[in-house]
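S.K.: Before anything else, here's the structure in question.
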Amino acid sequence: DQGRDANCNYEFPGCPRNLEPVCGTDGNTYNNECLLCMENKKRDVPIRIQKDGPC
C-alpha cells in the first residue's frame, strides 16, 4: 500500500489549526493534512498519507 494522496485544496499561506494527525509515507506525523501539503511544496517527491492518525 503506497498510501493516498493528500487533499491539498487549501488557501495558502497558513493552515487551519485543527488537530487531525496523519502519518506520512516519510514516517513523520503531521498535525493535519494541510501541514503535510505545505511540506510537499518544498519537495520534489511528494509525501503521501500512509494512514490517518499518528505514525
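Positions of Cβ are set from backbone N, Cα and C atoms, glycine also.
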S.K.: Regarding the disulphide bond with Cys15, report which of Cys34, Cys37, Cys55 Swiss-Prot records as its partner.
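M.R.: The record-listed partner cysteine is Cys34.
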S.K.: Identify the disulfide partner of Cys23 as annotated in Swiss-Prot; candidates are Cys8, Cys55.
M.R.: Cys55
S.K.: For the recorded positions Leu19, Cys23, Cys34, Cys55, work out the Cβ neighbour count at 10 Å and name the residue with the minimum.
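M.R.: Comparing Cβ neighbour counts within 10 Å for the recorded positions Leu19, Cys23, Cys34, Cys55 gives Leu19.
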S.K.: At a 10 Å cut-off from the C-beta of Cys15 (disulfide bond), count the other C-beta atoms across all protein chains.
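M.R.: I count 17 other Cβ atoms within 10 Å of it.
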S.K.: When DSSP states are folded down to helix, strand and coil, where does Cys23 (disulfide bond) land?
M.R.: strand
S.K.: In the structure shown, which of the disulfide-bonded residues Cys8, Cys37 has the fewest other Cβ atoms within 10 Å?
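M.R.: It is Cys8 that, of the disulfide-bonded residues Cys8, Cys37, has the fewest other Cβ atoms within 10 Å.
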S.K.: Nearest to Cys8 (disulfide bond) in three-dimensional space, by Cα, is which of the recorded positions Cys15, Leu19, Glu20, Cys23?
M.R.: Cys15
